[in-house]
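*Asks:* Feature list, courtesy of TrEMBL:
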type     : residues  : note
TRANSMEM : A:6-24    : transmembrane segment
TRANSMEM : A:69-95   : transmembrane segment
TRANSMEM : A:107-124 : transmembrane segment
DOMAIN   : A:127-416 : domain 'NADH:quinone oxidoreductase/Mrp antiporter transmembrane'
TRANSMEM : A:162-182 : transmembrane segment
TRANSMEM : A:202-228 : transmembrane segment
TRANSMEM : A:240-264 : transmembrane segment
TRANSMEM : A:270-291 : transmembrane segment
TRANSMEM : A:298-316 : transmembrane segment
TRANSMEM : A:328-347 : transmembrane segment
TRANSMEM : A:367-385 : transmembrane segment
TRANSMEM : A:405-426 : transmembrane segment
TRANSMEM : A:447-465 : transmembrane segment
Amino acid sequence: MNNWVVAPLLIPLFTAVLLIFLHNKLKLQRWISLLSSLLNVAVAIFLMVQVRTTGIQTLNMSGWAPPYGIVLVADMFAVLLVLAASIVTACCLWYSFRGIDEERERHYFYSLVHFMIAGVNGSFLTGDLFNLFVCFELMLMSSYALIVLGGTKRQFRETLHYILINVLSSTLFVASVAYLYGATGTLNLAHLSMRIAESGQTGPITVVSALLLVVFSVKAGLFLFFWLPGSYGAPPAAISALFGALLTKVGMYALIRTFTLIFYHEVQVTHMLIGTMAVATIILGGFGAVSQTNVNRILGYNVIASIGFISLALAVSNEDALKGAVFYLVHDMIVKALLFLLAGILVAETGTERINRMGGVLSHSPLLGWMFLIASLAVVGIPPLSGFPGKLLIIQGSLENGQYIVAAAGVLLTLMLLYSLIKIFILGFWGKARRPREAHWKQSRKLLLASAPLMMLIILLGVFAEPVMPYMQRAADILTDPSIYIQAVFKE
Amino acid sequence: MEVVVAVIVGVLFAVGIYLILTQDLLRIVLGTSLLTHAVHLLLMAMSMLKTGAAPLLGRGKEEFVDPLPQALILTSIVINFGITAFFLVLSYRAYQKLDTTDMDRMRSESSKHRGRRR
């Protein structure tokens with residue numbers, strides 16, 4: 001029992017409610033929300049140290065022992081993602097001081113962000129399937145409001161699609177919860193894992209797992225991603241950065257958690273399916289990224305392609321690949337947020353989202369150009385940056401298992417993403433300046449300052465990959481051996 | 001009794017999916033709400049439709065009803081209530097802004113828009 005486990009959920013929730021009452025005091029709102037997100041970072045670091053020294057932390061809500069009550073479980077995997085999410089949120093909030101117009105700020109922007117973060121952290125920490133659904137809904141509800149906040153025509157159009165898709169997948173989620181409860185009589189993740197290990201993963205349970213795969217794939221953008229590029233491009237940069245960094249990753253986390261902890265018996269069926277979907281996602285996402293000329297759409301397809309890449313690791317599911325998946329997931333959260341934030345500045349500087357109408361930004365804001373280049377190289381996985389270790393481990397893991405097609409898809413993806421991002425760099429930053437906007441420069445320097453911490457982080461994470469690796473190892477240990485997780489939940 | 005509920009769930013699912021596949025935004029919202037009803041019935045049916053006492057110990061009864069599915073349904077109803085309300089308001093605002101509730105016309109307008117910008 002450790003009461004700190006609930007803090008990453010409670011702090012944003014409390015802040016969000018507090019901010020509703022202060023919605024006209026902009027300065028106060030900004031500082032409270034930044035402080036609260038920094039507090040969350042501190043709590044996440046504190047939890048990570050605790051997990052490192054004393055093992056998995058659990059909290060039985062209202063003292064009901066598992067499997068009867070809801071249990072929150074902070075293992076290394078969850079805590080690392082909570083930490084990455086908190087850091088990304090803090091930077092995006094700082095960025096939105098300048099990057100979001102006052103009208104949006106006044107209309108509960110900060111409250112909605114904090115509600116969303118509560119949902120995201122809750123999804124990472126919960127140890128109960130239905131509670132996962134509730135946290136998903138909390139996150140999605142606030143994301144519906146965030147994506148439409150501002151109310152332009154384009155936002156309405158995209159939001160309607162986005163809501164419909166997510167309502168449908170949530171419905172299927174409840175249906176699969178119902179089937180699982182009918183089949184096993186429990187919803188606690190650890191208990192589900194035990195029950196299914198005892199009774200064997202029979203045909204019906206495999207079918208339910210496929211239903212859950214569909215649900216989480218829609219949320220993660222794995223293969224069922226047709227809604228993603230449009231809707232992530234609709235809101236302002238700070239909001240799309242949060243979406244691109246966090247929402248799909250929560251779906252990915254749920255996929256990894258359920259398919260390593262519960263449904264790991266019928267690997268030929270489920271993991272084969274995941275592998276096929278992952279390769280298809282990589283190919284479609286990669287081609288999508290290459291074919292687009294809209295900055296936000298290119299980045300949307302980039303998000304999809306890296307989700308495909310992480311799912312490759314899940315399909316392979318050996319120790320190296322999962323360690324790589326944890327590393328890559330943390331890296332991807334940070335770098336995708338950074339890319340969306342920088343693209344937001346780029347769009348503000350040039351006044352257009354089309355890359356063939358941009359040009360020459362490098363001459364009047366060189367810092368933006370070089371930061372964008374470094375971020376692109378990190379996505380691709382050039383060695384000193386943070387994309388490299390994760391990518392190396394995943395490809396190494398797939399080669400160890402003799403899955404050469406998977407490894408080839410991973411390498412192919414790298415080339416396509418490199419091409420799509422360098423295209424932005426060449427067309428956007430080189431050449432003659434089309435619309436010099438000197439007046440804008442002061443504004444964007446402050447925005448660049450807010451994205452700088454993420455930039456530092458991807459460099460540090462790449463250079464100091466060795467000292468970080470034990471944490472990833474700890475996370476991968478739990479993913480490869482479910483009994484550690486089960487024992488931690490049922491220890492008392 | 002389970003068979004009857006199963007048939008009802010099936011019919012609700014079919015009607016819900018039919019409504020979602022239509023053009024009109026309002027019908028789509030109603031379709032999603034019917035689907036969630038179907039899922040709630042499914043939840044209830046999956047926990048076996050038993051009759052028994054409320055699960056309170058020390059009342060001298062021996063047959064209890066499993067309270068968990070009902071708690072789940074209650075939670076899910078509240079969530080779906082919120083989402084449907086939001087979806088309806090959003091549809092109304094979208095109608096005001098885009099002047100149509102027809103999904104096809106919304107899309108064609110957007111592609112026209114995109115074509116012009118190219």
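Yeah, the Cβs are placed from backbone N, Cα and C, and that goes for glycine too.
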*Asks:* So if I exclude everything within five residues of the ends of the transmembrane segment (A:447-465), which remaining residues of that chain have a CB under 8 angstroms from its CBs? That is, six or more out.
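*Replies:* Contacts of the transmembrane segment (A:447-465) (Cβ under 8 Å, skipping residues fewer than 6 from its ends): 87-88, 90-91, 94-95, 97-99, 327, 330-331, 334-335, 337-338, 341-342, 344-345, 348, 367-368, 371, 374-375, 378, 383-389.
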*Asks:* Under 8 Å between C-beta atoms and at least six residues away from its ends: which parts of the chain pack against the transmembrane segment (A:405-426)?
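*Replies:* For the transmembrane segment (A:405-426), the far contacts come to 275, 278-279, 282-283, 285-287, 289-290, 292, 295, 298, 301-302, 305-306, 308-309, 312, 315-316, 343, 346, 355, 369, 372-373, 376, 379-381, 391, 394-395, 398-399.
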*Asks:* Mind checking which residues reach the transmembrane segment (A:270-291)? Cβ under 8 Å, same chain, six or more beyond either end.
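*Replies:* Apart from its flanks, the transmembrane segment (A:270-291) reaches 206, 209-210, 213, 217, 221-223, 225, 229, 255, 259, 263, 297-298, 301-302, 304-305, 307-309, 311-312, 314-317, 403, 405-406, 409-410, 412-413, 416-417, 419-420, 423.
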*Asks:* Below 8 angstroms Cβ to Cβ, which residues of this chain, lying six or more residues outside the transmembrane segment (A:69-95), approach it?
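*Replies:* Apart from its flanks, the transmembrane segment (A:69-95) reaches 2, 5-6, 8-9, 30, 33-34, 37-38, 40-41, 43-45, 47-48, 51-52, 56-63, 110, 113, 117, 120-121, 124-128, 131, 188-190, 237-238, 241-242, 245-246, 249, 253, 256-257, 326, 329-330, 333-334, 337, 341, 344, 447, 450-451, 453-454, 457, 471-472, 474-475, 478-479, 485, 488-489.
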*Asks:* For the transmembrane segment (A:107-124), find every same-chain residue at least 6 residues outside the stretch whose CB is under 8 Å from a CB in it, and list them.
*Replies:* 8-10, 12-13, 15-17, 19-20, 23, 29-30, 32-33, 36-37, 40, 78, 81-82, 85-86, 89, 92-93, 96, 100, 131-132, 134-143, 145-146, 149, 242, 246-247, 250, 253-254
*Asks:* Is it true that the transmembrane segment (A:298-316) and the transmembrane segment (A:202-228) have 3 or more CB pairs under 8 Å, sequence gap of 6 or more?
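*Replies:* Yes, the stretches contact each other.
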